[in-house]
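Remarks on the structure that follows.
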Amino acid sequence: MTALESGVSKVAMVTTDEVVKIQNAESAGDAKKRCLKRVFPLIDQIKTYNRQLFLDDVIAAFTIAFILLPQSIAYASLARIGPMQACVAAMFPVMMYPIFGASHHLSVGPEAVVSVVTGTAVLGIMADTTAYTAAQISNSLAFMVGLVCIALAIVRAGFIDSILSGYLLVGFVLGVSNLICIEQFPDLFGLALPPREGDDSALDKIQIIIRYMGTSNGVTIGIGISNVLFLLGMRRIKKLYKHKSVILEKTPEILVLVVIMIGISAGLDLTGKYTVNVLGTFDTHLPLPALPVLTGDLFGRLIQPAFITMLVGFIESQTVTKKFGGKTCLANGMAGIIVLVATQVLGPVLKFLPKATLSGIVFAAALGLIEMKEIGFIFRIRSWNEVLMFLITWAVTIGFAITTGIIVCLGFSALMIIRRSTETPLAVIGRVKMSLVANVDEDDGYIDGIPYRYQDLVNHPYAELLEGVVAVRIMSRIMFYNIANIRRQLRDLIHAQCLLVLERRKGTSDSRISRNGSGRVKPFVSASAQYNAHSSLTVLGDDELIGPVILPLRGDKVEDDPMLFNTLVLDFRGCTELDAWAVFLLHSIFHSFEEQGVCVVICGMRDVQIQMFKRAGWYEGMAEDAFPSVEQGIAAVESRMRNPRWFKRYGE
């Protein structure tokens, strides 16, 4: 190599290194920018912001603000806090969300269910101690809910809100909506109730309302009922004609109602002439930010309410930003500023707002929580198990407390998940001609030259069964929590197929193997069957691991036909995962069957699963009976069964 060529090579090498460094630096810079944009999505929104987006957001912000303001004041009674604290709880979340939130369809605001849970916690603590104010308790609860959400985010437990069963949740929400409605009757009817400490049950509240109905105010009743009917009617009209009128669709009925009722109340002097209770003057002083009061006692009392508030927070969502034309998250921030200004400016006007109107807003919102379509659906399809759980959750929520209701809901959901996760779908498979099999995938473990496939007897009840061979397909993962259930199901399937083979020998054509609702396998045989489950059973060996292998009798004679059952074929093609304990117990099960004179053939096991058996040192003993597909495995079994030496080992 010449000196010139060497110099050029060095220059090229240096240039390449510099390019790599530049690329790495650019990649690191891009990663930082992407991370910054993920944490603060507002950066991207500001870059593309223009005058039209600003005008759309301003219009949406005013609409959102004048919905949030009366809603916040109305929900203050549910949360057991003052109107100004409720307004602060409405304004600051919507002001902070544009900085950290990315969805312009979401509007953060007060929710009825969360307000009720907060009020329950406030009442419960204040009934036991006077050391804390309602504002301190609610502030500390909000802080703890944030801590719970952060902790769940760190451990990536966002799935936790999915564990609540749909119809358990419907029952819980129905119970909460009923409780909210019951809470509003005193203000809707203008009842003069004595002050009470603690949180009464729904039945106690109904009794108190009935007892004091004589103190009701006729004008207040008229205002309350008319307000509820107005809100429900507007909701219905907007649903029917929203595509015909854009103005009607974007009209905030709550704002319209509040403006009308303030005008009527001030103009007719409802308080002085008709003794109608109004909101009155309230403290509009903006509370200064302060750290939450989290003493050891209060922290312990708020752990459960914080977790429950986190869970129910997703039940009711507010999408008013999208509904009223907001184009970016900045509409939320603008709405928060408008609420802040409105609370300081409109205080003298809001004092004329009748309490019956506020209760009517809450009452209509509570009725909106009820999902009548979902409730009617489970009754229509006669899903009685879900109907029962729905009714139990509703009754517990109504009869005891919201906290008890959500705990029952969680408990039922957890039991359902555990129960269903331990059920492993197993199916007896039989031989079906290719012409009868739909949607065959030639690359799915099958081999050419075999004119048949093996399908489950549930969908192919008249599939051909090979006498002496029980072929079972495993259709889910095998883990430590369901391996015991697999042992039981294998015994049931073996017994069921043996019964079925005997029935087919007799010429019965309507017998099959299926499953009942609980996942247990049961044989269906004809009405003329001569075998019953109590007097027609004997035991082929026994083992403490897999239990007895049950074979039927033929009349009064023990069924000693070696062709009835001598080979167990397990198709692992549908088994997606094995854990260490499952591998250990599977090997023990295979060995137990071998000890009882039953040949176990493994088909379709994945490479990663084979590697687990190899690491355990057990695969060498299984390799002779392991095949890529069930077709190959059973073909090999049929070939072996023609060999007298093999038949002497497993057929006698």
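Along the chain as shown, the residues are counted starting at 1.
Using N, Cα and C of the backbone, Cβ positions are placed for all residues, glycine too.
TrEMBL annotations:
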{"type": "DOMAIN", "residues": "459-637", "note": "domain 'STAS'"}
{"type": "TRANSMEM", "residues": "53-75", "note": "transmembrane segment"}
{"type": "TRANSMEM", "residues": "81-100", "note": "transmembrane segment"}
{"type": "TRANSMEM", "residues": "112-135", "note": "transmembrane segment"}
{"type": "TRANSMEM", "residues": "141-159", "note": "transmembrane segment"}
{"type": "TRANSMEM", "residues": "206-233", "note": "transmembrane segment"}
{"type": "TRANSMEM", "residues": "254-272", "note": "transmembrane segment"}
{"type": "TRANSMEM", "residues": "298-317", "note": "transmembrane segment"}
{"type": "TRANSMEM", "residues": "329-346", "note": "transmembrane segment"}
{"type": "TRANSMEM", "residues": "352-370", "note": "transmembrane segment"}
{"type": "TRANSMEM", "residues": "391-418", "note": "transmembrane segment"}
Contact check, the transmembrane segment (112-135) vs the transmembrane segment (206-233), 3+ Cβ pairs under 8 Å, seq sep 6+: no
Tally Cβ pairs under 8 Å between the transmembrane segment (352-370) and each listed stretch (81-100, 206-233, 298-317, 329-346), then give the stretch with the top tally. 206-233
For the transmembrane segment (53-75), the candidate among 81-100, 206-233, 298-317, 329-346, 391-418 having the most Cβ pairs under 8 Å is 329-346
Okay, the transmembrane segment (391-418) and the transmembrane segment (298-317): do they have at least three CB pairs under 8 Å, pairs separated by 6 or more? yes
